[in-house]
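Chemist: The annotation region 'Disordered' is assigned in TrEMBL to 53-91. Sequence annotations record features per position, and here TrEMBL assigns compositional bias 'Low complexity' to 64-85. TrEMBL lists 93-171, 179-259 with the feature domain 'RRM'.
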Amino acid sequence: MVVSLDDTSWGIQPQYQLLVDSVAQQQRQQQLQSQIVASNRASLSRGDLLRHQQARKMTDQRDQQQQQQPQNQFQQQSQQQQQQQGKNEEPKTNLIINYLPQNMNEKELYSLFVTIGPVESCRVMKDYKTGYSYGFGFVNYAKAEDAATAINTLNGLQVQNKRLKVSFARPSGEEIKETNLYVTNLPRNITESQIDELFSKFGNIVQKNILRDKLTGLPRGVAFVRFDKREEAQEAIAQLHGTIPEGGSEPLSVKIAEEHGKQKAAYYAGWQAGYNQSRGIHSRSLK
């Protein structure tokens with residue numbers, strides 16, 4: 001599970017603009033009053049000066065109260081917004097597990113992760129027509145601390161011929177949209193380490209999957225590579241599309257996976273569906 005700031009989050013939000021404008025206007029009025037008092041001070045008698053000083057003090061106090069009020073409102077609204085965001089954030093209990101062995105099923109995945117703590121649900125993502133495993137799945141714990149322990153304990157664990165990658169799953173489909181690349185014309189003997197070498201220079205690879213022939217088990221020259229950020233995926237497209245990699249004979253085709261028909265779109269949809277469906281399969285059904 002991997003979250004992003006939109007462009008407006010770094011500036012003053014529209015709902016606070018009126019408060020900021022009000023403060024600025026009061027400051028300008030205060031500066032003007034100071035200039036008037038300073039220009040007339042030389043011609044004032046001592047009694048007049050005392051009266052003006054008292055009036056100025058009262059004006060300053062009133063201005064400070066008026067200025068403090070919108071600032072307090074701004075702070076209260078900011079605190080309320082932060083508290084609301086905190087309420088909307090889901091607890092970090094759902095994990096995504098990459099590089100699962102092709103023959104690993106949900107009961108086996110459950111048996112492995114339940115050793116850390118109670119598991120509410122788990123899901124191995126497969127092609128809904130063929131049953132072919134996409135090589136990743138989801139495990140949702142009952143407690144956030146168990147999920148964190150699972151990452152520290154099971155990430156990098158060797159299972160059969162695979163080394164698991166365990167991390168928090170990302171709940172929003174928008175966050176992972178256009179980060180998954182569909183790559184064709186790869187060398188037929190390409191390995192996962194060579195995929196890393198080819199693509200990791202553009203950003204953090206969170207998942208990769210080399211498609212293999214179902215009968216021979218040999219690579220088909222096709223892979224999915226998912227980056228953490230959309231701009232990383234775009235940079236990989238810009239730099240690699242149309243180039244011939246080492247050991248290759250044809251120019252690579254590197255495009256967003258969601259652009260390549262129902263089968264590829266289903267692979268992308270599996271990420272979001274898996275996050276949702278992983279919560280729908282209770283651990284008791286796996287025992």
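Cβ atoms are placed via backbone N, Cα and C, with glycine included.
Predicted automatically and left uncurated, TrEMBL annotations should be read as such.
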Chemist: Mind tallying the domain 'RRM' (93-171) by DSSP state, helix then strand then coil?
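Modeler: So the counts come to 19 helix, 30 strand, 30 coil.
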Chemist: Run through the domain 'RRM' (179-259) and tell me, per DSSP, how many residues are helix, strand and coil.
Modeler: 25 helix, 26 strand, 30 coil
